Each structure stands twice: as C-alpha cells, then as structure tokens.
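Pulled from TrEMBL:
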DOMAIN    6-376  domain 'MnmG N-terminal'
BINDING   10, 11, 12, 13, 14, 15  FAD binding site
Ligand SMILES: Cc1cc2nc3c(=O)[nH]c(=O)nc-3n(C[C@H](O)[C@H](O)[C@H](O)COP(=O)(O)OP(=O)(O)OC[C@H]3O[C@@H](n4cnc5c(N)ncnc54)[C@H](O)[C@@H]3O)c2cc1C
C-alpha cells in the first residue's frame, strides 16, 4: 500500500459507507468488523450493513421529504449504501424498502471486491492504537462493551449515553400561538435566556384529568429483552409518572407554577405542558419531560389533545431504547473529529443521528473528511442548506444545551427533518401568499431545490441545467 490506511471500526451502515468513500478516493482502508467473532443483541448475520429491524429507508421523495432529500444527496455523492439499496428495492409505495439480505450481500460483495479495502474480522477492544493516525469509530448503537468503556473513559462519564429517553419534538410553525404563549417559569432569564424561553400549553382541570387517563390507557411499546434497561428517575416515561398518582405530573413536568397565560391572565391553568427550543434555528421545540414508551400513533393522537398542539407536526416522536451514543456537540469538531484526539472521527448512530440512512450519510461525510486529511487536502464542509449539512450541524453544534437543568444531557438522537434546515420564505403565487398545506408544500420544495443545487456545488458536480445540456 502506498499510503497509510484509514482504519474504520464497525462494518455497519456507516462504516461500510465510510470505507467505500475513502477507497473510491484512492486511499487504502482497513475495515474492522467484529461479527461473526463476536455478535450483538440485534444482528443475526455476519454480513456488512445488516439492517437489524425494518427493511425501509423511508420516503424516497426528494422534493417534499427530508430523508428523501438525503437519499438524493447521497446518490449524488456516489453512496454505496444507496446504490445497493436501489439495486435491491422491493415495492413499498413512496418509500425505498429493500430486500435486506440482497442489500447486505451487495454491500459485502462490493467491499470485499474493492482492491483498496481489507476486511479484518475482529473486535477492536479499545480506542485505536496511536499508529492508526486516521481512524473512524462507527460501531453503532450496540457498540461492544469494552470499546464503549474505553470511549467513556476517554470522553468523561457524562459524555456517553447507553440508552436514550427521548421526548417528542414539534415543528414550531405547527404550534397554535393563539392558545400557547412564550414564558419561562417566574420569568427567569437564566444565564442565556430571555425570560420567554418556553412555549406553554395551558390545561384546565377536565383537560388534565382526561389527558392523564389517556396516558394510562394508551398503548405502550414493549421492551425487547435486550433493551431491559432500568429507568433512571431523572427521565421516567410520562406514563410511568402518571401511574404513580393522578396529580404526579402536575407536580412534575406539567406544574403550572410561575406562569401566567397572556391570552387569559385572570385564569390560572391547572396544568401546563412546556416546550423548549431544541435547535439554534428555533424551528423545533421539544416537549419537556415527555419521554414516553407510548406507541407512535398513540403519541400523535394523545398529544394532539393538548391545547395548542391540535395540529402539531412531530419532527420526532418519543421513545426509550438501548442506544450507545456520545455527546457530539461537546466532543466533536465540525468534521466529526474528537477534539481531544485529532485524527480520530466518529460516524453513524454513535454520533447521535438516528436511522439507517442518516447513519450511512454521516459515515459518508466522515469518510470524505478522513480522506481529505490523508491526502493533505483542505476540508470542505457541506453547506448548512443541504441535508448533509443540516444533519451534520445538528450533531456537531446546532443543538441547544439546556442551561436550566444543570447536569442533564439534552442532546438526543434525531432523524433528518426539515426543522434542521435554515428556513426559507414560501414563494408567492401570482403575488399572493400561500396558506396552510400549500404553503408547507411550497416551503419544502424551496428547501429541497436549494439543497440539491448547493449539494451539487459542494460536490463539484455540474448544475442540473449544465448536466442536461
Ligand atoms: C434494535 C435496533 C433496531 C433498529 N431499527 C431501526 C429501523 O428499523 N430503522 C432505522 O432506520 N434505524 C433503526 N435502528 C437505528 C440505526 O439506524 C441502526 O442501528 C443502524 O444500523 C446504525 O448504523 P451504524 O452503522 O451506526 O451501526 P450498525 O449498523 O449497528 O453497525 C455497527 C457495526 O459495528 C460492529 N461493532 C460494534 N462494536 C465493535 C467493535 N468493538 N469492534 C468491531 N466491530 C464492532 C457491529 O457488529 C456492527 O456491524 C435500530 C437500532 C437498533 C439497535
């Protein structure tokens, strides 16, 4: 080998894509995958890029869906995961679903056949040795315990989570501000606040009691055996809190104290649901303390009974599951490099993205960044207007860290969604402003066409018009 290889640890969605991108750019790669020497609780085969659960890459609509847009950008960037997915597609309406074995076989065959990739079937038990001067850790949500332990030791105990208790996130522009209002409890300004940092949704007594009943009766997802993680009191699911007594939530996350409804100042709310800004753009708000095991459809049904959230569009629904991921906004630089150890990058779900496609996309970026370093080229970050850039920014910095809950981790894994993109004005039609669904569709089209154009420039590809000539 003429150049020192880049070492990629983990041959899942992210690691396979990273290895491919690096090798396609002419740099040798050693890909370390522990299966079949050591398994995980979810993987069943020794194939690379095994899909551990659903066989869907979700929507393939690049014009109106954020993950569909990410598909399109990855195709432009020569993604192995997308080409293997396209070649193994099964019918699934507007979604891209794949034959999981055919897909994994295709990825494995391509990687095995690449002259610049060496696969080593072995567990990497700790952080890469110093001589691996360019390395990528892409060991996923089920990272083997001894490596997870080493990462925790190197980054600090608070920096690595072993499961995520996630609260739903709502698109700000779908919250009814004629019912809700901005106010921090007791108008506290805090270190970085304004006194109006929360969105408050008021409930009267009947609404509160009906809500608690709905939580208790709502269908919950069952934990799989391997997910048998104990609850920590700091992040109990709301329905578990509700089981402890009908008033428990009113003394916990739904307490109405220190708040005055600007729309109805003389009436004190019986309970309040609070939402806190989740991204720097202010387009997403998370429901404070609303981590839950309710089934997704039940969350939508029940949470839309909250006054002001009747038409809420959820960027992410709540959940609680086993997931190893690092506190990326604190630990990583904008090119996914561990700040405390240059040359070591993280990729995939362990960085705090969520989903097969997002994991592969972050693998693609980490692979390109490592390649640029190995070749002595300048690093070029994707523009924040692209799906690549929007997702990368969420992971490495766009997320707001909560000041009012010291010690609490607030960075939570997330799928790509339109709330992560810089906003656009909805185009007018015949000089008139669009409203409702038409406005949403027009905005999405404006975001996706801007993203694809910017992605082409970033990748050095001809514009669509030039390509068509
Ligand atoms: C049970 C479960 C179900 C999921 N279901 C879905 C779903 O339906 N849809 C969806 O979009 N996302 C799902 N996800 C989330 C996520 O998108 C996938 O886990 C995805 O595979 C993450 O890609 P990755 O490359 O980061 O990790 P993985 O695909 O898990 O790849 C990591 C690889 O690293 C290897 N490895 C781990 N530790 C070591 C080590 N020390 N040395 C060498 N190799 C190591 C593993 O064997 C594995 O092959 C699920 C996650 C889990 C855990």
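Note that Cβ sites are derived from N, Cα and C of the backbone, with glycine treated the same way.
Apart from 10, 11, 12, 13, 14, 15, the residues listed for FAD, the same chain places the Cβ atoms of 8, 16, 17, 18, 33, 48, 49, 138, 139, 140, 347, 348, 359, 363 within 8 Å of the centroid of those Cβ atoms.
When pLDDT values are averaged over the domain 'MnmG N-terminal' (6-376), the model yields 91.
Taking the Cβ of residue 11 (FAD binding site) as reference, residues of its chain lying under 8 Å away and at least six apart in sequence are, in sequence order, 19, 31, 32, 33, 35, 48, 49, 111, 119. Applying an 8 A CB threshold to same-chain residues 6+ apart, the list for residue 12 (FAD binding site) reads 48, 49, 50, 138, 139, 140, 348, 359. Sequence-distant neighbours of residue 10 (FAD binding site) (same chain, 6+ residues apart, CB-CB distance under 8 A): 32, 33, 137, 138, 139, 140, 143, 348. Counting other Cβ atoms within 10 Å of each Cβ, the binding-site residues 14, 15 show the lowest value at 15.
Around the Cβ of residue 13 (FAD binding site), the same chain contributes 49, 81, 140, 348, 356, 359, 360, 363, each under 8 angstroms and 6 or more positions distant in sequence.
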